[in-house]
Protein chains: 4
Amino acid sequence: MSWNTFGRVLRFTTWGESHGPALGAVVDGCPPGLELTEQAIQPFLDARRPGQSKFTTQRQEADRVKILSGTFERRTTGTPIALMIENTDQRSKDYSEIANTYRPGHADYAYDAKYGFRDYRGGGRSSARETAARVAAGAVARLAIPEVTIHAYVVQVGEDRIDRAAMDLETVGANPFFCPDPQAAERWAALVDAARKDGSSLGAVVECVASGVPAGWGAPVYAKLDADLAGAMMGINAVKGVEIGDGFAAAALRGEDNADAMRPGRDGPEFAANHAGGIAGGISTGQPVVCRVAFKPTSSILTPVDSITRPDADGISKATQVRTRGRHDPCVGIRGAPVVAAMMALVLADHKLLHRAQCG
Amino acid sequence: MSWNTFGRVLRFTTWGESHGPALGAVVDGCPPGLELTEQAIQPFLDARRPGQSKFTTQRQEADRVKILSGTFERRTTGTPIALMIENTDQRSKDYSEIANTYRPGHADYAYDAKYGFRDYRGGGRSSARETAARVAAGAVARLAIPEVTIHAYVVQVGEDRIDRAAMDLETVGANPFFCPDPQAAERWAALVDAARKDGSSLGAVVECVASGVPAGWGAPVYAKLDADLAGAMMGINAVKGVEIGDGFAAAALRGEDNADAMRPGRDGPEFAANHAGGIAGGISTGQPVVCRVAFKPTSSILTPVDSITRPDADGISKATQVRTRGRHDPCVGIRGAPVVAAMMALVLADHKLLHRAQCG
Amino acid sequence: MSWNTFGRVLRFTTWGESHGPALGAVVDGCPPGLELTEQAIQPFLDARRPGQSKFTTQRQEADRVKILSGTFERRTTGTPIALMIENTDQRSKDYSEIANTYRPGHADYAYDAKYGFRDYRGGGRSSARETAARVAAGAVARLAIPEVTIHAYVVQVGEDRIDRAAMDLETVGANPFFCPDPQAAERWAALVDAARKDGSSLGAVVECVASGVPAGWGAPVYAKLDADLAGAMMGINAVKGVEIGDGFAAAALRGEDNADAMRPGRDGPEFAANHAGGIAGGISTGQPVVCRVAFKPTSSILTPVDSITRPDADGISKATQVRTRGRHDPCVGIRGAPVVAAMMALVLADHKLLHRAQCG
Amino acid sequence: MSWNTFGRVLRFTTWGESHGPALGAVVDGCPPGLELTEQAIQPFLDARRPGQSKFTTQRQEADRVKILSGTFERRTTGTPIALMIENTDQRSKDYSEIANTYRPGHADYAYDAKYGFRDYRGGGRSSARETAARVAAGAVARLAIPEVTIHAYVVQVGEDRIDRAAMDLETVGANPFFCPDPQAAERWAALVDAARKDGSSLGAVVECVASGVPAGWGAPVYAKLDADLAGAMMGINAVKGVEIGDGFAAAALRGEDNADAMRPGRDGPEFAANHAGGIAGGISTGQPVVCRVAFKPTSSILTPVDSITRPDADGISKATQVRTRGRHDPCVGIRGAPVVAAMMALVLADHKLLHRAQCG
């Protein structure tokens, strides 16, 4: 089933393919009266934009956002906000040879199995280019949660992790890896460059922290804040794992080590730790909301991999090998950081409004 | 916001508190004509039922399910199926002393922050007892996907993991830990018993594999099969992490090691590996769907933990310490296995129907 | 498709058949802290309850509501409120002879065409008994909109309309017809009694007015307040038409006669008329919200009507005639009045919460 | 609340204001493989297009639709279909004088009450121009229900109704009123022209018939086919009433006159009448689906009407009078016919897919 809408009351719907004329998002349910201009959205798209260093795909896209509806005299009106980003550097010919071959690790085979055919140019709808629309929508969502500050950064590339002791969020913007550890950023430059030259690719882990979320957002059961975050993050292209707070490490802890002790504070409790990642029973606790997201290495690599051809008229697939020659990110997780931040903003804004609906 | 409905076209809504008269689920959208009796649901509830060994909570609940609507002459009619499970062993007095204290790691503080007050008896709506309703709903969902076989089992308790080489799914039912490795099951008996005697608790990791899922279930964007699974699993009480396929380990792989090579097979492709966990681009590939779910150690422990009292009339909280004396699972992840399996069934059945809606 | 949930943020799900053990509703999203007891719901069910006069079905149902979840110490907790009403007077034998015959005007044939079979006892899920669950849910919804007063009353039975000049809402409860015109009530007693004795049935029109709705509830496009009301009302059993404000009569007016002129008032505008029925552009104007709902005569009559038998094993239907002997309302629209009021409450409460979500 | 998405599995989201750069729709959930081109959508937009005769608004809009996503090689891919229509004849200056005045009968006051301010140019989001997006979406929906034929036509303008005996659907396209009775069309030409010259306006009733709908689409309770149709139709601008089948007239019938007798036919039952309008118990019966929709006279008239000004900085509104000088339809219901047809298509296509989801 096609289901391109996300959210419960602050909802957005995205559309567009990698090689169509444009892609976009419609943001619905945004509160009225917020100041919104194209200039306010653009920096978020620029952070995600390809072609800015040799460490990302060389596709050149300006990713200029246009606001087509929903604002009047620079303010949101409460009606749907249509955002459009035109595709400018498409080069469809790069993809012509894969029209009849399934790229292992990509959605090619699954799409054909579902729909009977597919737009094979650059992955069509399954292209990570779709995430530009989410980033634009996320910029709108941030307006609805001015009390919240969101940081997303890469904590692992391949097997190489940052040094937590050296972590400095101020340095995230100073390198092309959204890396909060300057020394790790230097190592990653070599690592990613080597992978690029090898025609290989690397996985990564992105961490995202939202500060300023008050206690009380979320729901006891199926619209839990953590459940919605997990769905949001796992829905990003190439993501294979999501953790809240201590995540998988919590499975190895004992109860007394995992408890977040409290003591009375000025504005609610002060917590001795944040193993829970700011969410208990599906509801925010007032601590920072923390999640980590694992990206697989992109499947677009130069090493030949065994595969099969599209079934012919008789339903017969033949053995073949696939090398992916297009322009790709050697480490797709890096540009995932702004997308993770956008999804965090969208989930939090939705839950703020949901909380307000029920609890006034 | 309260949002107790899960699913898109095969939906279920649960209700009930730990210490109310009953809890239940309404399953809506189930195909008509399926044979459904209370006897068919009961074994799934029995697998999850507490009080069956010294390794789980000693609360004694028969967990007898009643079907109140939606069937006629032992078959589903296509109308909503109401399932009810009466609470029989509630002992509200165990919880009276925590009415004015927040248990660290529990939802107590977050609930009060959200709703202004809470049903404090046994966690109220945030109690894991709610998962009995999901297990009952999951038993109905299984009827809609007879082509699928689901196994859920525990692969890690505390820091102790099973030996993958010794794994035998036939042995899962032969021990109280849903453990597929008999030797690990013996070790866990000692481990969990020690934690219980210490008044401590342990985390766990549950793995779930669904075989027989055809290629084509899922969606390219926000209703991705993996995204919906992640939301479903993260929404289970005490869960802090979800992985699909290689999950976080994929972040450390190179593209050529993560690719699932294909060759022509009799019924679609044969895959050389399943790093993807049976899902590519949000759509099933025909391989087994694999996920892993991390449970934290339950926060109900006998070790005193610093905490605060509920704000008094003047809004003042005082420092206190909390020990949780009630009847609790020393390793809540163990009984999580049947719940994980139920959520897998519910997500898959929903996606089967969604796929049929769009693609006939 | 089965879709037994109504509402967007204040949602309720109903379940149950005419001749099952019980029926019920789960109300989700209700604000916390509202005082809710079974005693507060019961009067609304009593108003709709059958068997109270010779003018309604003689089925005797106590319609006692039980609250199974969602309250604590007489207040709503914000978690789902499960309501159950047991069926006590079912007499399944009355319906055995229609198992293989389609009653014209009933859902029998359509159900079989959809689901392949049906619970034929008393209409199963298509029975108007389901509306008891809505009335119970509506009683909860009213708690969320204390600023609103809702009146529903019958303005037409068969061809006989009330005299608008004689209308007095105080008299609605003083006759068994929810009739605001005492003289019309006397005429209707004769009219309905004659129809009952003839084994015939009569249609009716119910009007519903909600006062106290502030300006601003609703939405500009697909969740318009009037659109949601229309869907809610048309979804009541036997309803064939819905009007807001002047409704069909507005089609015959000229623009200058239909305009609701405004002048400055103390609390917003004062309106010279209410042709719009309190809703403009899908959003409430602060005037009373007015709708009218047309009920067809029930199709359960003693006059034989040509029909067909259920297809036999060879798919062959035979001609037959149907007389409906069960216990039925000669004018089902009368008991529709409390149901219309309940749906009005549910739609308004949902929109109050939706408005609060977006506009604070 | 803003809620610009319609439908359950075949969903569409519209965006755009009367005087923004463009408006559009995103159609999601459409089956793959259907032939879809801009040329196939355009005739439906042309039928609704303004400025084609002196009987409609003189605003000149080409209403050229562009497909921005969701098709590949002229076929739908199963991914979201983005449709865009640029606004070309906006003349914002016409509206400047109403920025601070509320037009009676319009949404002006309600919008301000809800959102605190509004885009006042041409009604902004509340403009009937939004229906162009629905018509485009409806053209896509028709592709999913090739078995269904939909006719929408005007049966009443002001107080003047067609002669049912003279009705000929072939003539609907031969006059500017979508009128199936050529003599009525002649009378309406004089009637509408007189209203236009008077600066007045007229209401209208549109009837819509869908043939070829098989028995079994719809749902027993809240997603009833008739309930969803009622919501869809009441959500069209200026609509104040909706009827299915005999509608309000059914309220005046006796049961024996309202029954649709059946006899065995070759492909299911043959019905002696269609009082039910093709829907029983919320589910289609296989007869034509019939609804009627009442449009009020547009509130944009030259006759001065008492009104108030927007509250000034001190919250004070002053008395004023409003005459609406812009370019308006003297009878907005006429151009409503293609919109009614589009909504019928959208509801039916959605229910076809919903039926398939549950019943295969």
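Here the Cβ of each residue, glycine as well, is placed from N, Cα and C on the backbone.
Taken verbatim from TrEMBL:
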BINDING   C:ARG48, C:LYS54  NADP(+) binding site
BINDING   C:ARG125, C:SER126, C:SER127, C:ASN237, C:ALA238, C:GLY281, C:LYS296, C:PRO297, C:THR298, C:SER299, C:SER300, C:ARG327  FMN binding site
Taking each of the binding-site residues C:ARG48, C:LYS54, C:LYS296 in turn and counting other Cβ atoms within 10 Å of its Cβ, which one has the fewest?
C:LYS54
DSSP-derived structure type at C:SER300 (FMN binding site), helix or strand or else coil:
coil
Enumerate same-chain residues with a sequence separation of six or more from C:SER127 (FMN binding site) and a Cβ-Cβ distance below 8 A; give 'none' if the list is empty.
C:GLU17, C:SER18, C:ASN237
Find, for the listed binding-site residues C:ARG125, C:ALA238, the residue with the lowest Cβ contact count at a 10 Å cut-off, counting only other Cβ atoms.
C:ALA238
Below 8 Å between Cβ atoms and chain B: which of C:LYS54, C:ARG125, C:SER127, C:ALA238, C:LYS296 make it? I'm asking about the binding-site residues.
C:ARG125
Take the Cβ of C:SER300 (FMN binding site) and count every other Cβ within 10 Å, whichever protein chain it belongs to.
23
Is there any among the binding-site residues C:LYS54, C:ARG125, C:SER127, C:ALA238, C:LYS296, C:THR298 whose Cβ is under 8 Å from chain D, and which ones, in sequence order?
C:ARG125, C:LYS296, C:THR298
Can you grab the distance from C:LYS296 (FMN binding site) over to C:ARG48 (NADP(+) binding site)? Cα atoms, rounded to a whole Å.
18
Distance check, please: Cα of C:THR298 (FMN binding site) against Cα of C:LYS54 (NADP(+) binding site), rounded to an integer number of angstrom.
16
Quick one: give me the count of other CB atoms within 10 A of the CB of C:THR298 (FMN binding site).
25
Using only C-alpha positions, which one of C:ARG125, C:ALA238, C:SER300 is spatially nearest C:LYS54 (NADP(+) binding site)? These are the binding-site residues in the record.
C:SER300
By CA-CA distance, flag whichever of C:ARG125, C:ALA238, C:SER300 among the binding-site residues is nearest to C:ARG48 (NADP(+) binding site).
C:ALA238
Does DSSP put C:ARG125 (FMN binding site) in a helix, in a strand, or in coil?
helix
